[in-house]
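Pulled from TrEMBL:
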type: BINDING; residues: 43, 74, 77, 175; note: Fe cation 1 binding site
type: BINDING; residues: 74, 126, 175, 178; note: Fe cation 2 binding site
Ligand SMILES: [Fe+2]
Ligand SMILES: [Fe+2]
């Protein structure tokens, strides 16, 4: 019995990850939390936009695999940020119910405009989100290189930050892939194209600004 207990204890000890770096500064910590909060809300929104579009366009069999592929990727993005939120103990945006209803409604409404309307929505959303992720990557690579290593005292970037950067850049690439898919599937044929895309871009920017703060 005691042997089993010892083995269990040693397994637990092996799986606890030792911190390699000292704590982030309050400003670094606050920005990291802001990144996780807004990205979790954004990916939740993306997931629900596709849910709405998929429902509205379910009578178009040729479109379903295209939407499903992008939707599956959004579900993965959303799950990843859900896990990061738990891991870093970041509270979700308090406006989460509004993001859910708004995103599903946006997906449904643009899907009801037809394939081109849905694709114009994707083009607009991914244009904003691609830029948003690039901005976060810039801040993370410029402001997190001075955290002291516990063993050597040298400044460097901690693994939690490099992991987050890797995750964001992978997702940024997939969002830009969605943008290309939308353009290849006639997003520019939506009418009124300019009104739809500019309204959605403004809405996304306002949502990002708000979810970063509340
Ligand atoms: Fe995404
Ligand atoms: Fe996307």
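Cβ atoms here come from the backbone N, Cα and C positions, even for glycine.
What TrEMBL annotates, mapped onto the structure for a quick look.
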residue	record	CB count, 10 Å
43	Fe cation 1 binding site	23
74	Fe cation 1 binding site	23
77	Fe cation 1 binding site	24
126	Fe cation 2 binding site	25
175	Fe cation 1 binding site	26
178	Fe cation 2 binding site	24
Residue 126 (Fe cation 2 binding site) sits from residue 77 (Fe cation 1 binding site) (Cα to Cα, rounded, in Å) at a distance of 14
Taking 74, 126, 178 as the binding-site residues, the residues having C-beta under 6 A from ligand 1 are 74
Counting only residues outside 74, 126, 175, 178 in the same chain, those with C-beta within 8 angstroms of the Fe cation 2 site's C-beta centroid are 46, 70, 73, 122, 125, 129, 130, 174, 176, 177, 179
Taking the centre of the Cβ atoms of 43, 74, 77, 175 as the Fe cation 1 site, the remaining residues of that chain with Cβ inside 8 Å are 42, 46, 47, 73, 76, 78, 129, 171, 174
Comparing the Cα of residue 126 (Fe cation 2 binding site) with the Cα atoms of the binding-site residues 43, 74, 175, the shortest distance belongs to 175
Residue 74 (Fe cation 1 binding site) sits from residue 178 (Fe cation 2 binding site) (Cα to Cα, rounded, in Å) at a distance of 10
